[in-house]
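What follows is a set of notes on a single structure, which appears directly below.
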Amino acid sequence: MGGEEGMAAGRKKRVGRYEVGRTIGQGTFAKVKFAVDADTGAAVAMKVLDKDTILNHRMLHQIKREISIMKIVRHPNIVRLNEVLAGKTKIYIILELITGGELFDKIARQGKLRENEARKYFQQLIDAINYCHSKGVYHRDLKPENLLLDSRGNLKVSDFGLSTLAQKGVGLLHTTCGTPNYVAPEVLSNNGYDGSAADVWSCGVILYVLMAGYLPFEEDDLPTLYDKITAGQFSCPYWFSPGATSLIHRILDPNPKTRITIEQIREDTWFKKTYVAIKRGEDENVDLDDVQAVFDNIEDKYVSEQVTHNDGGPLVMNAFEMITLSQGLDLSALFDRQQEFVKRQTRFVSRKPAKTIVATIEVVAETMGLKVHSQNYKLRLEGVSSNRMSPFAVVLQVFEVAPSLFMVDVRKVAGDTLEYHRFYKNLCNKMESIIWRPIEVSAKSALLRTATC
């Protein structure tokens, strides 16, 4: 674990008017932090990027593009970008905070969704993607992990890191990107493709997953997977209605020229059932001049950055952070085992000393064949996925929520979501001796029940 990652558990930070809290997401090139606007009290998500990392990996153009695209797209079903700030060594992207977790977590818990529920999410997805395409924006990495749910259960499309903005005179895209199981066959062929048709294919795979609980194209080795995708070789389970089956087959047409378009999807009888058009305000005038300014090294334009260090013990989680971890303002959602679905950020409670908790996690992780990096009550566990095709990693952090009461937050940072849920259940079983569960459940103690262990 890098020095900054290790120090994160022992410090508090303020960026401009934002009080920066715990890490709530992590990718290859960025971390997402929970933050609070000190002026308004509003909770936000702060995406933090390191300038040197961006330059060393030649990601400058892609990051500029992502920021520009997120400023352009303003839709109720798309995660909103509020502002972008530049520090001496960091770039801070302030985003709408989405508290309902990933859509894929519902699938991981329930197996599949009812047809009416799947249709609602698909309708919202198509509305959002149709809007993006009207702005000349193609997402190119649509998958359930990039589809979030707000506190009211509405869909929010996120992660425009692989998106592209159409240029005049350029008809076909040529960069292969996205997650293999969701990628259209023409994208895999590297012969150029239409971004709109490719996004439609991915939407079809997502609809299938929502209704089936598993992927239409899934193999242990990539050549066989690519062959099935290219041939459009799949079948719908018996519980799909005729209307849904017909629409999915028209979407998962391996020929992009005969594949159904978004306009045709919106006219489909199955799609239109119970459809409620989204109400949008007028498009805002978007100024992209500040995007370039973020990357200019002009010191007097840097946002103020203040860091204070604690005594090296576990971070104390305040009530506001606990509330924002739950759905809406219901604190019981933080630990209630009867939740409708499990968030990717799962957690458990222990009355053991913090050092004992960390030591136990280290021992258990090693028995599970995982490499352990530990510092300042924060641990990163690394391994490989069960199919050996991708890395698997989780981050655990110990928080003090009350005297002699600690919460361990567990987060997936790499790997398949379904595999993560299996890992978490196995971890809880192996750590049974330190996980605390109240014997009697009262209105007060219900707040301290574990999430899924």
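Backbone N, Cα and C atoms are what each Cβ position is placed from, and that goes for glycine too.
Bear in mind that the values here come from a model prediction, so they are computed numbers and not experimental data.
Positions annotated as active site, proton acceptor by Swiss-Prot: Asp141. In the three-state DSSP classification, Asp141 (active site, proton acceptor) falls within coil.
Over all protein chains present, the Cβ of Ile24 (ATP binding site) has 22 other Cβ atoms lying within 10 Å. Feature annotation from Swiss-Prot assigns ATP binding site to Ile24, Gly25, Gln26, Gly27, Thr28, Phe29, Ala30, Lys31, Val32, Lys47; the stated evidence is sequence analysis.
Taken from Swiss-Prot, the feature domain 'Protein kinase' covers 18-271.
Sequence annotations record features per position, and here Swiss-Prot assigns region 'PPI' to 343-372.
Residue environment of Asp141 (active site, proton acceptor) contains 19 other Cβ atoms, counted within 10 Å of its Cβ in all protein chains.
According to DSSP, Ala30 (ATP binding site) sits within a strand segment. The secondary structure of Ile24 (ATP binding site), as reduced to three states from DSSP, is extended strand. Asp141 (active site, proton acceptor) and Val32 (ATP binding site) are 19 Å apart (CA-CA, integer value). Cα to Cα, Ile24 (ATP binding site) and Asp141 (active site, proton acceptor) are separated by 21 Å.
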